[in-house]
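Asks: Before we start, here is the structure in question, set down as structure tokens.
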Amino acid sequence: MHGLLLAAGLLSLPLHVLAHPQPSTSTSLAGRAGAVDLNEFRVAHRSSYTSHDEMKKLPSIASFRQGTYLEVATELVKQTMPNMEFRLVDDHYVGDSGIGHVRFRQTMHGIDIDNSDFNVNVGKDGKVLSHGNSFYTGPAPSSNPMVKRDFIDPMQALHGVRKALNLPIKADGAHVEDMSEHKVMFKGTSGALSDPTAKLCYMAKEDGSLALTWRVETDIGDNWLLSYMDAKESSKVHNVVDYVAHATFQVYKWGLADPTEGKREILTNPWNLKTSPLTWLSDGQNNYTATRGNNAIAQYNPDGGSDYENNYRPSPKNLKFEYPYSPDMNPPKTYIDASVTELFYTSNVCHDLYYMLGFNEKAGNFQVNNRGQGGKGNDFVILNAQDGSGTNNANFATPPDGQPGRMRAYIWTRANPPRDASFEAGTIIHEYTHGLSNRLCGGPANSRCLNAIESGGMGEGWGDFYATAVRLKPNDTRKTNYVKGGWVNNSPKGVRMYPYSTDMNVNPLVYTSNNKLNEVHAIGTVWCTMLYEVLWNLIDKHGKNDGPVPIFENGVPNDGKYLAMKIVMDGMAIQPCNPNFVQARDAILDADMNLTKGANKCEIWKGFAKRGLGVGAKFDPKNRTGSTQVPNECK
């Protein structure tokens, strides 16, 4: 689950319901009594990444060019992994930076190896820019399991997962319905928000072996789990992935992180017709007078349930979403109209800005109607204001493209009166960015690629980075420090270990700090600290656009702030599945190489090197090696 604060017992899943957290050691599943520590089930880092610089050392491959970007990518996989069985994943696209993103899934006996992926990035020149690889290279099973079918049935797998993870699901009397050759749905269960499913697949294990598993998918609200149950032993769980992110609007305007930074304004038609041509109040088939449209649907959810369609949402006369609010109002339900409106506004602006930076239909964004622009539709973001399923947190669930994302914004009880997460834009941007990073890393069809401890940490760090970049003010300099979640948590220190700062005395975090950290939000603070250094290096070089949208020149933002946001986003789509810091750094460098021909190479290197991720830094999950060195041309 991806959340702002570590909800009691939740902060450990291979992240996909993402929360918005402060340092915590609590890692149990959704805080239930008897819950297990999901860190035990995280996937291991297995990916390699061949950067653009490394590709140049392989001329026979780097210079390969033939036909479409799909053909180029397919040929690369064939050359790199000869005699391997694989399939093309149907989520390939050419991004707005001109890079063709193609992903392949390894198979064995026609069965997916669910954590074995190969992603190829083809540049505008038709040549391979870079690629990532986590294909399994160990011994293959001697026989096809579908011949003897000597594995447990899917119902046994569901019961095994329920027992092993202490899930609140009842399956007595349930039955199985076939969905495809290797996938079934369980009908007649209770305790889940949708019917659980199970898919037969392999999992490449950390010890180099291969396990046949049932991938059991259960959406229980605060957690949306993919649990890989051994297909021979119904008590053995190998890994767990969690997906758990003419009208007027009276709101805190974009750029204000929380109510302490300004006053509410009445904005008219605040959407951007280039990125939301249907406006925020239509999906092209229906026009709405409530907080519902193509990109999002926002409502009051006091019981924390899943029946969002029938929940209350403001529907004002004449489309005037203008409601009273002040932080002193109490109880929170008295200002629910303002809360839902604010949540709807901030999330829609996120959609529009991220669209401009490259998170569009082809890349797997969140929209009901994709208007023939690619990708899968029917997946707006479900926005639950004052969600009753928890307090002192927020989270975002990111299933694959074509299924709605889900954000839950909670009431925070750290102040009197309580504070509503909907009014802290930094929290909402952080959560929405979980949807961005999970759809880009691994491709729109695979939301399982930020599940290792370091990649999960980067998922949290990206959320903080975009929230911090958006809140920069005109007079800010590299000496400006920002805390995360200060208002909602009623704490001047916020919810992170340190403020985001370029001053090593204020924030001393470096790459090797991760050697002592085992929690994703803490690791994410290290990653965002590095990105904050890169951000200011680029601002110092290119200046800062304080407007709400980037200005592009030949496809490149003409200022340092939006340029940093752009290349970081492009890097997400380039990097391999479950990347580590070193690989993600290289992907950002490759993104800049593609976008600007490497014009900002030294600014990027210096930002990372200052925090120990320079030339020579090496990833080892137990003993990372730091480096402050930069390439010779940057000295």
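Just so you know, glycine gets a Cβ as well, placed from its N, Cα and C.
In case it helps, Swiss-Prot gives these features for our protein:
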SIGNAL    1-19  signal peptide
CARBOHYD  Asn287  N-linked glycosylation site
BINDING   His430, His434  Zn(2+) binding site
ACT_SITE  Glu431  active site
CARBOHYD  Asn475  N-linked glycosylation site
CARBOHYD  Asn594  N-linked glycosylation site
CARBOHYD  Asn623  N-linked glycosylation site
Asks: Quick one: among the glycosylation sites Asn287, Asn475, Asn623, which has the most Cβ atoms sitting within 10 Å of its own Cβ?
Replies: Asn287
Asks: So, three-state DSSP: helix, strand or coil for Glu431 (active site)?
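Replies: Going by the DSSP assignment, Glu431 (active site) falls within a helical segment, counted as helix.
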Asks: Over all shown protein chains, what is the count of other CB atoms within 10 A of the CB belonging to His430 (Zn(2+) binding site)?
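Replies: Counting Cβ neighbours of His430 (Zn(2+) binding site) within 10 Å gives 31.
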Asks: Sorry to bug you, but what's the C-alpha spacing from His430 (Zn(2+) binding site) to Asn287 (N-linked glycosylation site), rounded to the closest Å?
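Replies: With the alpha carbons as reference points, the distance is 29 Å.
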Asks: Compile a sequence-ordered list of residues in the same chain as Asn594 (N-linked glycosylation site), six or more apart from it, whose Cβ lies below 8 A from its Cβ; state 'none' when nothing qualifies.
Replies: His52, Ser97, Gly98, Ile99, Gly123, Lys124, Leu129, Asp570
Asks: Between C-alpha atoms, which of these recorded positions comes nearest to Asn475 (N-linked glycosylation site): His430, Glu431, His434?
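Replies: Checked the recorded positions His430, Glu431, His434; minimum Cα distance to Asn475 (N-linked glycosylation site) goes to His430.
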Asks: Rounded to a whole number, how many Å is the Cα of the residue listed as 'active site' away from the Cα of Asn623 (N-linked glycosylation site)?
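Replies: Per the Cα atoms, the residue listed as 'active site' and Asn623 (N-linked glycosylation site) stand 30 Å apart.
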Asks: Can you tell me the three-state DSSP label for Asn287 (N-linked glycosylation site)?
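Replies: DSSP call for Asn287 (N-linked glycosylation site): strand.
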Asks: How long is the line from the C-alpha of His434 (Zn(2+) binding site) to the C-alpha of Asn623 (N-linked glycosylation site), rounded to the nearest angstrom?
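Replies: Answer for this pair: 28 Å between alpha carbons.
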Asks: Do you know offhand how many angstrom separate His430 (Zn(2+) binding site) and Asn623 (N-linked glycosylation site) by C-alpha?
Replies: 29
Asks: Translate the DSSP assignment of Asn594 (N-linked glycosylation site) into the three-state scheme.
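Replies: The three-state answer is helix.
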